[in-house]
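A quick write-up on the structure given underneath.
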Amino acid sequence: MLQISHLYADYGGKPALEDINLTLESGELLVVLGPSGCGKTTLLNLIAGFVPYQHGSIQLAGKRIEGPGAERGVVFQNEGLLPWRNVQDNVAFGLQLAGIEKMQRLEIAHQMLKKVGLEGAEKRYIWQLSGGQRQRVGIARALAANPQLLLLDEPFGALDAFTRDQMQTLLLKLWQETGKQVLLITHDIEEAVFMATELVLLSSGPGRVLERLPLNFARRFVAGESSRSIKSDPQFIAMREYVLSRVFEQREAFS
């Protein structure tokens, strides 16, 4: 379980997050949404251990987070892939740094690529891939170390609408298959409502938790209902419009 208690953090010398209290249980998909500048990415960077926080605590499985660790896998919008390495070697890179034997890490990379639908693309280079394929590689790399927690920072923001829909459904299938804790940062309201088992709305900066909404649309999808059916459901549309109104309230307050 991820547990965040009374978290305060600065960014660029200014308060970015204020008294954040959150929990994320195993098998849950928590989505954090809010207006630009609300501290969404700062929150992810704190959980990843990339930056320090000023007050409070972040614990994963009862252990305080004070730096990066293999128990947390991170996927970024810009993927962060190595262009001079092929797809398989990119996925296996973290395992190589961890000292995993070559044949074992290549087999793990092969299995992860199979999970994300890129079996057969092992020897291709990053520049030969589409945006959606590069994000699949990024997800495969994050899963390769078998982390307890998967962190994703607006991973589908630069993709076209069709590819974004494909990646959303892929992530939900991987979430169901692996049972991992997942925390997703997004600025896309429809994506947030569709994918969250719990949606956290942050205020304008410094970010505070405005509201926590338990949702069941992601579970309906993994139970077999189509994404198109879910997104055209009046319940989904009503929730999307409610969340949109809450985000607009914060944008207007900030301006």
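Each Cβ is built from the backbone N, Cα and C atoms, and glycine gets one as well.
Per Swiss-Prot, the feature ATP binding site maps to Gly34, Pro35, Ser36, Gly37, Cys38, Gly39, Lys40, Thr41. Residues or ranges marked as domain 'ABC transporter' by Swiss-Prot: 2-229.
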What three-state secondary structure does DSSP assign to Lys40 (ATP binding site)? helix
Additional residues surrounding ATP, by Cβ distance to the Gly34, Pro35, Ser36, Gly37, Cys38, Gly39, Lys40, Thr41 centre under 8 Å: His187, Leu202, Ser204, Gly205, Gly207
At 10 angstroms around each C-beta, which of the binding-site residues Gly34, Pro35, Gly37, Gly39 has the fewest other C-beta atoms nearby? Gly37
Looking at the binding-site residues Ser36, Thr41, the one with the fewest other Cβ atoms inside 10 Å is Ser36
Which of Cys38, Lys40, all binding-site residues, has a Cβ with the fewest other Cβ atoms inside 10 Å: Lys40
Average pLDDT across the domain 'ABC transporter' (2-229), rounded to a whole number: 93
Could you find out if DSSP has Pro35 (ATP binding site) as helix, strand or coil? coil
